[in-house]
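Okay, structure first, notes after.
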Amino acid sequence: MGNTHGMRNAYGVETVRAAERELMARLPQGALMQRAAAGLAAACADLLGRVYGARVVLLVGSGDNGGDALYAGARLARRGAGVSAVLLAPGRAHPGGLAALLAAGGVVLQEDAEDTVRRADLVVDGIVGIGGRGGLRDGAVPLAEAAREARAVVAVDLPSGVDADTGEVRGAAVRADLTVTFGTHKPGLLVDPGREYAGSVRLVDIGLALPGEPEVEALQHADVAALLPVPGAESDKYRRGVVGVAAGSDRYPGAAVLAVAGALRGGAGAVRYVGPAGGAVLARFPETLVSDRGPAKAGRVQAWVVGPGAGDDAQVVEEVLAAEVPVLIDADGLRLAPRDVVRERSAPTLLTPHAGEAARLLGTGREEVEAARLSAVRELAGLYGATVLLKGSTTLVAGAGGGAVRVNATGTPWLATAGSGDVLSGLAGSLMAAGLEALDAGSVGAYLHGLAGRFAADGAPVGAHDVAEAIRYAWRDVVRTG
Ligand SMILES: NC(=O)C1=CN([C@@H]2O[C@H](COP(=O)(O)OP(=O)(O)OC[C@H]3O[C@@H](n4cnc5c(N)ncnc54)[C@H](OP(=O)(O)O)[C@@H]3O)[C@@H](O)[C@H]2O)[C@@H](O)CC1
Ligand SMILES: [K+]
């Protein structure tokens, strides 16, 4: 699972356009499109295995995205593929691309387009790229549906119907097995729901220079390895940080045990537990420091985790928020933490809602958050003046002061299991106690947690405690291969 390449960055459409203009001014006309088409054709050939005799159908829209598809189709036709093009806006298809395809022996389909698409070995989606607005238009919807029955679908730059800047899918969109994207990843390829439509993503370097901060970035193994806390020779347990866990209730003692389980694997030197589930915690983890007094009197910690399974104890949340150390707020704690109090804290705060909790904090619906995850996480971070980790199939972490949003895709659907979030909050809180900044703690925590979920599950259902157990395997994997 190792990936030694650096951070995966995604830039928005405006930045890409500016870089494109700058580069185009220095290159002969059409050079960029040829680079794109060459990379696209190579990826299609790899996917097909055998190009000669393959049935390839191009879906061609009115812009340059269609031009890329046509030139790539011409390359495949010259290698012996049977290439036909469906023109969605017949009078407006890229003239140079169309001429190249016809010269190479490709044809334009006049009828039975949907049937031909269904029977294709490969459908190339060049309906619309970064110039697209909104979901697919009516004429394209039946073709996108037919494409699902083809053997493979490759999206040009991004799946048509996916918003490049946000990953939002308003209406129908093409589902690709592979997306060949040019110059840089686009946020919509890394953030759900767009990411799910993209399939695997291959980046083709066309020479774009993309300076400055990306909109979205994804940590890779090497980035995580560089951020993990490493104890020095003379660090004792206190110098490695103590993480306080204020969690669990008489009704939910398990949440306390799971948060402590995560915290013990997060790099802090010790875990201090405060709350009514001390007995259950000690029975499972005798190394925990258990206090029967409230957070304010529990002794020093370098970071607090509050909220998992906490019920309605507003007093505990209040005491934790008053501490001048980093605080992670999860689950019930999110409901009990007043926005203005969080805003006014001088130490960092990390909120870790799932979509339903985020929706409640934003006064909107869960579906709205799921559909527009990037804007939801940014909005929450702005409202609370805090770092926000929005859980989901791709977890997003937005910093308190804006900047690049971190996206994590190491998770597995098996992580959607009771108590899995409690483990994550313990883990990320522990990383904060060990000295990581809130944004790093959230994104490194999500990365390890997702990887641990994969290792623990290995294709079968897992419980949250299995995930906690597997954190150390994930950690080791990152250190060894990062
Ligand atoms: N960046 C780079 O460096 C490089 C970029 N390259 C490529 O160029 C692509 C961008 O090309 P682009 O600007 O021509 O826009 P593009 O996405 O083809 O479509 C815009 C057209 O589609 C239409 N339209 C809009 N919404 C729609 C919808 N929902 N459903 C259907 N149609 C819709 C709209 O027409 P309208 O009908 O609205 O007048 C408009 O004319 C980029 O993604 C990459 O592939 C490479 O070649 C080389 C390097
Ligand atoms: K496309």
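For all residues, glycine too, the Cβ spot is worked out from N, Cα and C.
Bear in mind that TrEMBL entries carry predicted annotations, made automatically and left uncurated.
Record check, TrEMBL: AMP site residues include Lys391, Gly392, Ser393, Thr394, Thr395, and the candidate from Gly382, Gly419, Gly421 also listed there is Gly421. Listed in sequence order, the residues of the same chain lying 6 or more apart from Asp157 ((6S)-NADPHX binding site) and placing their CB within less than 8 Å of its CB are Ala36, Asn65, Asp68, Gly129, Ile130, Thr179, Val180, Thr181, Phe182, Lys186. Screening the binding-site residues Gly67, Ile130, His354, Ser393, Thr395, Gly421 for a C-beta under 6 A from any atom of ligand 2 leaves none. When the CA atoms are compared, the binding-site residues lying within 10 A of Gly392 (AMP binding site) are His354, out of the candidates Gly67, Asp125, Ser160, His354. Using a 10 Å Cβ-Cβ cutoff, Ser160 (K(+) binding site) registers 28 neighbours. In this structure, of the binding-site residues Asp64, Asp125, the smallest number of CB atoms within 10 A of the CB marks Asp64.
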